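Residues annotated as ATP binding site in TrEMBL: Gly11, Ser12, Gly13, Lys14, Thr15, Thr16.
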Amino acid sequence: MIKIGITGNIGSGKTTVSKVFALLGVPVFYADTAAKEVMVKDAELMEGLVKLFGKESYLEDGVLNRKYIASKVFNNPDELAKLNALVHPAVFRAFDNWAVAYADVPYTLKEAALMFESDSYKMCDYTIVVTAPLEMRLQRVVGRDHITREEALARDARQMNEEEKIRLADYRIWNDDSRLVIPQVLELHQQFLKLAAGK
Ligand SMILES: CC(C)(COP(=O)(O)OP(=O)(O)OC[C@H]1O[C@@H](n2cnc3c(N)ncnc32)[C@H](O)[C@@H]1O)[C@@H](O)C(=O)NCCC(=O)NCCS
Ligand SMILES: Nc1ncnc2c1ncn2[C@@H]1O[C@H](COP(=O)(O)OP(=O)(O)OP(=O)(O)O)[C@@H](O)[C@H]1O
């Protein structure tokens, strides 16, 4: 089984594109979702979060207080680095455990916003970057209606810039209306199946 990483800056559409791969039967690991899971399940990590940001990190019913944590970290690089240092190792472990079940498939996809920032690309054989211009990405994220334009900009500023990701990635998917997404996914899918067959 080969491991493909898929990334892109906020609002690039990496989750949407990953869902197209999933429709083709490719097992997809969503790191954002896994991060939120470990943050409410891993006792040691939860203790670390409370130590770092206080009891407000969780709502009364044990639900992660995402808005509160976001307000603490996205305008404060030091605090964000501490959060990342707590959460990312637990997400790496979750990915390793998840991947065990798929040893016999041709390839799996790991979707992660911080693939290059967090070194998680090192766990992948090949990487894809999904790209779209900043304004389009901001409009999408605001349209999705969970954060404001300013909040989205603050998060983008904490991510490696898109140009650098394009240089580092093995493949690129344009999700900016300049070309259709599904044919790009189908072409890569065929390539990955060939790569997997040759391995
Ligand atoms: C601060 C939290 C609780 C805010 O939750 P929220 O539901 O608002 O956002 P969500 O996690 O869905 O992320 C949405 C997007 O924000 C950006 N983002 C999230 N975490 C980070 C980060 N650590 N650094 C830079 N950008 C980030 C990404 O583009 C991501 O796709 C959450 O983002 C979090 O716990 N982040 C730290 C863990 C992490 O790095 N997750 C991302 C990959 S593992
Ligand atoms: N080609 C497209 N045309 C129109 N809307 C799109 C397109 N691609 C993605 N979107 C929409 O833009 C929003 C952001 O897409 P998505 O969640 O896939 O991005 P993401 O890169 O995973 O973002 P984040 O980093 O915030 O998790 C979603 O509401 C999605 O439906």
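A Cβ is built for glycine as well, from the same backbone N, Cα and C atoms used for every other residue.
Listed in sequence order, the residues Gly8, Val17, Val130, Ala132, Arg140, Asn175 complete the 8 Å Cβ shell around the ATP site centroid, once Gly11, Ser12, Gly13, Lys14, Thr15, Thr16 themselves are left out. The C-beta environment of Thr15 (ATP binding site), restricted to residues of the same chain at least 6 apart in sequence and closer than 8 Å, consists of Tyr30, Asp32, Glu111. Considering only the binding-site residues Gly11, Gly13, the Cβ with the fewest other Cβ atoms within 10 Å is that of Gly13. The C-beta environment of Thr16 (ATP binding site), restricted to residues of the same chain at least 6 apart in sequence and closer than 8 Å, consists of Asn175, Val181. Taking a C-beta cut-off of under 8 Å and a sequence gap of six or more, Ser12 (ATP binding site) has these contacts in its own chain: Val129, Val130, Thr131, Ala132, Arg137, Glu162, Asn175. Counting Cβ atoms from all protein chains shown, Lys14 (ATP binding site) has 26 others lying within 10 Å of its own Cβ. Secondary structure at Lys14 (ATP binding site), taken from DSSP and collapsed to helix, strand or coil, is helix.
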